[in-house]
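There's a structure below that I have some questions on.
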Amino acid sequence: MNAKTAATAASLASDAPTLLVKVFGKDRPGLTTELFTALAEFGVDVVDFEQVVIRGRIVLCALVTAPPRDGELRANVHQWAESRHLQAEVISGLGDNRPRGEGRSHVTILGNPLPASALAALTARITESGGNIDRVFRLAKYPVTAVELAVSGVATEELRAALAPEAAAQQVDVAVVASGLQRKAKRLVVMDVDSTLIQDEVIELFAAHAGCEEKVAEVTAAAMRGELDFAESLRARVALLEGLDASVVDKVRSEVRLTPGARTLIRTLKRLGYQVAIVSGGFTQVTDDLAERLGLDFAAANTLEVADGRFTGRVVGDIVDRAGKATMLRRFAAEAGVPLEQTVAIGDGANDLDMLNTAGLGVAFNAKPVVREAAHTAVNVPFLDTVLYLLGISREEAEEAEAEAEREEQAERRQ
Ligand SMILES: [Mg+2]
């Protein structure tokens, strides 16, 4: 910015005459240059400039200071637009855009598909809550349609409360994040493991090898009915593994299936400077291996006790339960030097609830209704990388991170 434009931007009076130049039509290379070349002849300064291209059609809006020869500028713009088969409008007015309201949030809406009726309902809630949509940007078209709305004029919490029930009613996923926090690089993402990072429940994989799958399932069901708390139910299930040969760990590690999108999520977050952790009510025998394979920064879980090469049916030390998961989130955040409000937690189970509520953004991932309703936001499509969109990271950014990671892996293999 040169001295003259800096002075203009700083001193643009609210009653200074400005012109809004709007151009719409078939996009082709060089249109933006041509328009600004035409405007430059009149010595005007740019106050604002936005353009968007959808399916080959361009909408370009430029707000410029009004020159003394206003009429001549209009004539030139129209003449140029006509020669390019574009529609143009030049609207006189005063000053800049009105300032954005207090309270700024980013709202991500994702659906598979994303019906117009859902957008009608959600945008109506935004308006009712006093919010204004200032800008819209598509984050992804695959495997879900994700759009991000910059909203001002309403507090983030209030907007979240207004949109959450509507999102559930419309069966789309919505995340509301305070704008300032949204794109800060220094963040921490903490994930649950069973049925979140992976598709399996690790205790069930062990139980299958011990031939006690049904009994373990019975205890799990009792815990889900609220008859046992998590620590009790874990002890009861682990007791059933007593005597199982500990070499089964290798088999279980190879049986674990990552959730679709897990690798993309982690690679992209790492590329963007995030720290990534897992916290599990499952077992370090499996989670440590996952953490190493995926290059994670922190991991915490319970440890199955082993004596003479066999499981004793006990867990070593304190149990990582519902409260323990939240404690681990706090500990990892402190170690990573990330304030809690910049942490993100992802989980599916009731024992994730404290962790989800402790984090700056708690994401219920394909969770039971009780978890979904208590979390800040929910993802109900079976792809873990959709969490990226809730953080305002686009599909393109994720694909770039993937390509970069693959190039590095290939280079490593060649060495
Ligand atoms: Mg889980």
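Every residue gets a Cβ built from N, Cα and C, even glycine.
Quick paste from TrEMBL:
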DOMAIN    20-93  domain 'ACT'
ACT_SITE  Asp192  active site, nucleophile
ACT_SITE  Asp194  active site, proton donor
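So where do these features actually land, and what's packed around them?
Counting every protein chain shown, the number of other Cβ atoms lying within 10 Å of the Cβ of Asp192 (active site, nucleophile) is 25.
DSSP gives Asp194 (active site, proton donor) a strand state.
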Could you give the number of helix, strand and coil residues in the domain 'ACT' (20-93) as assigned by DSSP?
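Its residues fall into 24 helix, 32 strand, 18 coil.
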Determine the mean pLDDT over the domain 'ACT' (20-93), rounding to the nearest whole number.
95
